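**Student:** One structure, as structure tokens, below. Some questions next.
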Amino acid sequence: MEAYTEQLNAKGYIDEAIDPRLDLVEEINKLKKKKNAVILAHYYQEPEIQDIADYIGDSLGLSQQAAKTDASVIVFAGVHFMAETAKILSPTKKVLLPDLKAGCSLSDSCPPHLFAKFKEQYPDHIVITYVNCTAELKALSDIVCTSSNAVQIVESLPKNQKIIFGPDKNLGDYVKRKTGRDLVLWNGACMVHEIFSQEKIGKLKEQYPGAKFIAHPECEEHILSEADYIGSTTGLLKYTIQQDADTFIVATESGIIHQMQKANPGKTFIPAPPNNACACNDCPHMKLNTLEKLYNAMRFELPEIDLPEDVIFRARKPIERMLEISEKLGL
Ligand code: 13P
Ligand code: SF4
């Protein structure tokens, strides 16, 4: 155990040798049964992880699944804040994250101690935080939201209610435009959604005149203003199924394209091009998880998400508020 603690501190995952003759998919399925485990995966995971998951979804869907699962172990194939959310909603369950270092640049852009000071400047404001933040930040919030319900959560509050929105300034700006509300925004952003080139997207649109351009609301305004559809990862996926177009230019992390292709054989999905030729649409945090790390996490039941009880207690209320509003609205 001590050796594992050292490994987790240094590497963030269990680095135990795996017999190369093993069929990992088969072994993971055996462990799922043996340990009564469920694998929840975000759309930005590697295709081989998505294919072995019991549930694949956006942040809202994953939270809803984490809240209602009767499995004893939740293996979260996603990033740290998502696994924390699962732990907050199911505190008696063991929540495993294949690589503890799978963080999030957006979550990192909002340190809780600085946000607490920011919040003090607006004592008569309600705090809505995007789920892409730490458990400590959620504990400082009144309501959590995801990209699929942020607009509706803001609209569920009285028109004269003053609101702080964080940490994503792009999603916050989008919600401002959609609702006409004047939100006070924290200045955070996602490293993946801020790289897209308007000029190169424009050229692609000329090249594929029938293509639909779809974007995640974490993108900047000048990109969103060009989009035929804006939505969460689940929203984007559904749109590609509902539309007759045969080509889609996709401005979000490229992992979602795996499900788009599976759901739409014959349609073409082009990742929106980044500004810089060296950049790509892969989230380096999401992509830290591998099938091997997931297998070892299930084998050794490590790394496990552990949160102080008082943080779980305080962070749970704003997440539950979001789930209640979403349920009422049928989201
Ligand atoms: P959704 O899956 O909720 O659309 O969020 C995207 C994201 O950036 C997750 O990190
Ligand atoms: Fe965070 Fe952006 Fe990666 Fe999502 S895509 S986990 S917001 S860094």
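Glycine too: its Cβ is placed from the backbone N, Cα and C atoms.
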**Student:** If I go by TrEMBL, which of T233, T240 binds iminosuccinate at the same site as H42, S59, Y130, V131, N132, S147, H216, P217, E218?
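**Tutor:** That iminosuccinate site, as TrEMBL gives it, pairs H42, S59, Y130, V131, N132, S147, H216, P217, E218 with T233.
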**Student:** Which ones are near E218 (iminosuccinate binding site): of the binding-site residues C104, C190, C283, which have a Cα within 10 Å?
**Tutor:** C190
**Student:** Cα within 10 Å of C104 ([4Fe-4S] cluster binding site) is the criterion; apply it to the binding-site residues H42, Y130, H216 and give the hits in sequence order.
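**Tutor:** Neighbours among binding-site residues: none.
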**Student:** For the C-alpha pair, I'd like the distance in angstrom between N132 (iminosuccinate binding site) and C190 ([4Fe-4S] cluster binding site), rounded off.
**Tutor:** 9
**Student:** Among H42, S59, Y130, V131, N132, S147, H216, P217, E218, T233, which the record lists as binding iminosuccinate, how far apart in Å are the two most distant Cα atoms?
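**Tutor:** It comes out at 17 Å between the most distant Cα atoms.
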**Student:** Quick one: pull the CA-CA distance for C190 ([4Fe-4S] cluster binding site) versus H216 (iminosuccinate binding site), whole Å only.
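**Tutor:** C190 ([4Fe-4S] cluster binding site) to H216 (iminosuccinate binding site), Cα-Cα distance: 11 Å.
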**Student:** Please state whether DSSP places Y130 (iminosuccinate binding site) in a helix, a strand or coil.
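**Tutor:** It is in a strand.
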**Student:** Counting other CB atoms within 10 A of each CB, which of the binding-site residues H42, H216 comes out lowest?
**Tutor:** H42
